[in-house]
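**Student:** One structure coming up, written as structure tokens, with questions to follow.
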Amino acid sequence: METKVTWESRKRNREDGADDNLDDTKRAATDTNEEKAKVKSSTDVPTASQFIVPADQFLSLPPELQDVDFTKRVSWRKFAPYTKEVLPLTPEGQEPEFKEDSPALCFHVHATSGRARATTLHLPSSRKVQTPIFMPVGTKGTIKALTTEEICNDPALNCPIILGNTYHLALQPGTELVRDMGGLHKFMRWDRGILTDSGGFQMVSLLKLAEITEDGVEFENPFLKDSKERMMLRPEDSITHQNNIGSDIMMALDDVVSSVTDNDERFEIATYRTLRWLDRCYAAHTRPKEQNLFAIVQGGLDTKVGGLREKCLAGFRARDKMIPGYAIGGLAGGESKEDFWKVVNQCCKSLPDDKPRYLMGVGYPLDLVVCSALGVDMYDCVYPTRTARFGVALVPGEAPGTLRLKSNEFSEDTRVIMEGCECAACKGGYSRARLHTLLKRNNPLAATLMTNHNIAYMMYLVRGMRKAIMEDRYASYVKDFINDQFRGSANGGQDVPEWVRDALNEAGIKV
Amino acid sequence: MTKIKLLIHAEDGSFPHLSEYLLRKYFNPKDETIKDHFILGIAVKDTCIQPIYTAKESKKKRKRQESDGEEKKVAPKPTGYTFDTATLHEQTRLMEGYNTFAVPSFDLVDDAKVQMEKDASNRLKNPQKNSTKEGQKSIASVTSTKNHLSLITPNGLQQITPELYTQVGNKLKCDHLLALFDQANLEEGKKRKAAACERSKAWLGLCQKSHQSTTECKSKLWAAFSCHDSKWTLNDSIQYITEYKQSLEGIAIVGLHHVQSRAERKDLVKKISSSFNPKPALAMLAVPDLSQLFDAVECGTEIISTSLPVTWARSNKLFNVLKVKSEEVGSDGCIDLSDEKYARDTSPLLEGCQCMSCRDSRYNKAYVHHLIKANELLAQILLFGHNLFQLLTLFKEELSSDDLDLSKVRELYE
Ligand SMILES: [Zn+2]
Ligand SMILES: [Zn+2]
């Protein structure tokens, strides 16, 4: 290979071709048949062919990693408690300053408590996100059953950022339409943060016939059931869609392999490909001043020294200058909790302390509490909102921390879901019995109230976590939470799971 | 100036498509026009239904609770349901500040039809399950007796006695209370209709008696006038209602929309209102469309109940009351936002509308069209909020106006 893949060469590529590409995209969008173009997007954004490798090189170490010493753990820009050096902190309320190498994100760390951090992500248009944060999922341009007004104005919710699904928006109403409406913020009347996924995960998990090639994710057009027309979502397409949507944070298209797949070779191919696709994503990104593009750490469950997670991390270290934030991917797919926390732990230990870390698809309250102790800042999950619509309320206390309100045991329970909760259901005095009745009758109001409570609970949780970190008492916060959920078999409750104990021990918290 | 009031079915006190936050913010009873023109309708059939457990099962249940989750046992299934006033206030949400009207149901015949359709589709879904018994039972009036009304509730067919109904009614403390009534299907014979009329008469008597004897209750009592036909039961009904005239706030006409011909409907209402002296206050329940709504105003109805805002919302329709007649607007006064032509329409839902969905040019047609296509509940929430607001606007600005010219209003829609 003549061209050594460096950040500089990629940057050149962006400067040379990107603007022309944008115009082509626009032109293409206006004169192609819209229905057909929806998922496919404009094929006119060319594949950045310099990042394509032939099949016989799929398993060879990418050139930028050839000089890396893989006998040592990969990590960069680490501060206390990982190293002796102290991370310079920024006081809360400090105005953001957008730098040239991160023009759409200014990241302030205000406090640390052990490995846990309280930070603010300043995004363009004065949007800001205080972490740790849970991002509710608004798949199709709406948080189901709630108006944006309620999510913003209700102090119990007041969510600073939500997640939109690129795949779903590409299908309906189509991202070109969203772009022409002024972007998703304007379209859905949401002037706060939006994060979009790449669409790849949905393709692989929702469409059985999806196949991943070097070019992208190939799938059958879900609109044309009879025809066998194959369509393609390339990294370039994913970014075009996300540029159209205009999210504040976009996710790179990665080569997703189910975490429970038993094929080491497939994982290795996917890890290296994820690096090449990241380069293609950055090359296709046309709005770097308004939108951030986060990289996603892949590498299966291989956390050993010199393993695949480290290969991926080393690849990102080589590209660190262009990456404003990092996500931990490939989890929440049915792997054991033991494997899960070890990957999270390793990524947090490797990734630089001056950039945000987002753990994808994780949203159980217990996971949030544990993973924040390991150093994660951001979370998203459909669980709290989806489970709400099925009648499951999240509550503190004894594990599993849920109430299945459809169950008959609540038909005469006159208590509210959670004493002291400020949500519309609890503060409004809706008893469990009443919610039980509303749910049994499929009254849409039940979905509204339950969603309201579960999001309020998640926000209550992350606000409590943040406060504890700011006051440097996160360890005791965690202990209280854990002791509350797991009272121990001696006291008629459950014992603290082994993985929780181990993960927290690693974070320096003894329970 | 007559204040024509819109009576909207609020299930057990809340609207399915409007959280309390939105209701209080955009339909606040402190606003005089809301207070004057908006009534929340509480249907007893939706409320006070308590599960019953057999003695054995409730013992088991208690035991399970005592054992504090040590063993997971499945909570017992209720063996049935019953009306019960004891837990009324936990089950029913009575919004403070609003005018409220309690009724047994808005239309017993419509309830039966809906239930039959449900049963039929359930039978199609699981043909093994023998639901014919339920299906036959579902025509409420068939199984009602002198002593009780069979009311179709979300928990199946339940019997309610006039005594219990009045107890519930008194406890609800609504501003208005409609006496328990029976109603026969129009296709049924003379005997059935006469029987329904007899029951309504007896139940009105019982309701009136119990209503008078309660000290705490300040609801105004209304008699129901079930429209069966102009021949057999009309005069009987007029007669018995006249007997209670003194203690009645007014007469609620039930089931008029089942009468097919408009002339016959008009004739019927004219006969009813002219038979009482002085002319009674009139309420009309379950008005199905704008045309019949205008008819109701024309014959002097003050309280009009309709489910139009939610019916429209469920069929993706946006009601437009502004005096601008445009090509788009159908004869029902609505535009259908599911139409593909709105996919890229960036214009506001309705220019100048101040509702929760329109004000500050909040949402545009393209967005709501998208929500409809994506099958999102928010579409119905936004449409319901708008439609209710617009219908209320029609009530306060047009229908209650001193120089109301109904033919002009009609012209806009017909
Ligand atoms: Zn709550
Ligand atoms: Zn409106």
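Just so it is clear, glycine is given a Cβ too, placed from its N, Cα and C backbone atoms.
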**Student:** Can you pick which of A:Asp154, A:Asp248, A:Asp254 TrEMBL lists for the same substrate site as A:Asp197, A:Ser198, A:Gly199, A:Gly200, A:Phe201, A:Gln298, A:Gly330?
**Tutor:** A:Asp254
**Student:** Do you know which of A:His436, A:His453 TrEMBL groups with A:Cys421, A:Cys423, A:Cys426 in the Zn(2+) site?
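**Tutor:** Site partner of A:Cys421, A:Cys423, A:Cys426 for Zn(2+), according to TrEMBL: A:His453.
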**Student:** Pick from A:81-87, A:256-262, A:361-367, A:501-507: which range has region 'RNA binding' per TrEMBL?
**Tutor:** A:361-367
**Student:** Considering the binding-site residues A:Gly200, A:Gly330, which residue's Cβ sits among the greatest number of other Cβ atoms within 10 Å?
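**Tutor:** Per the Cβ count, the most surrounded site is A:Gly330.
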**Student:** Quick one: of the binding-site residues A:Gly199, A:Asp254, A:Cys421, A:Cys423, A:His453, flag those whose CB is under 6 Å from ligand 1, and say none if nothing qualifies.
**Tutor:** A:Cys421, A:Cys423, A:His453
**Student:** Where does A:His453 (Zn(2+) binding site) sit by DSSP, helix, strand or coil?
**Tutor:** helix
**Student:** How many helix, strand and coil residues does the region 'RNA binding' (A:361-367) contain under DSSP?
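**Tutor:** In the region 'RNA binding' (A:361-367), the DSSP-based counts are 3 helix, 0 strand, 4 coil.
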**Student:** If we check Cα distances from A:Asp380 (active site, nucleophile), which of the binding-site residues A:Ser198, A:Gly200, A:Asp254, A:Cys421, A:Cys426 wins as closest?
**Tutor:** A:Ser198
**Student:** Give the number of CB atoms, excluding that of A:Cys421 (Zn(2+) binding site) itself, located within 10 Å of its CB.
**Tutor:** 21
**Student:** Determine the most Cβ-crowded residue among the active-site residues A:Asp197, A:Asp380, using a 10 Å radius around each Cβ and all protein chains in the structure.
**Tutor:** A:Asp197
**Student:** Expressed to the nearest Å, what is the distance separating A:Gly330 (substrate binding site) and A:Cys421 (Zn(2+) binding site) at their Cα atoms?
**Tutor:** 34
**Student:** Reduce the DSSP letter at A:Asp197 (active site, proton acceptor) to three states and note it down.
**Tutor:** coil
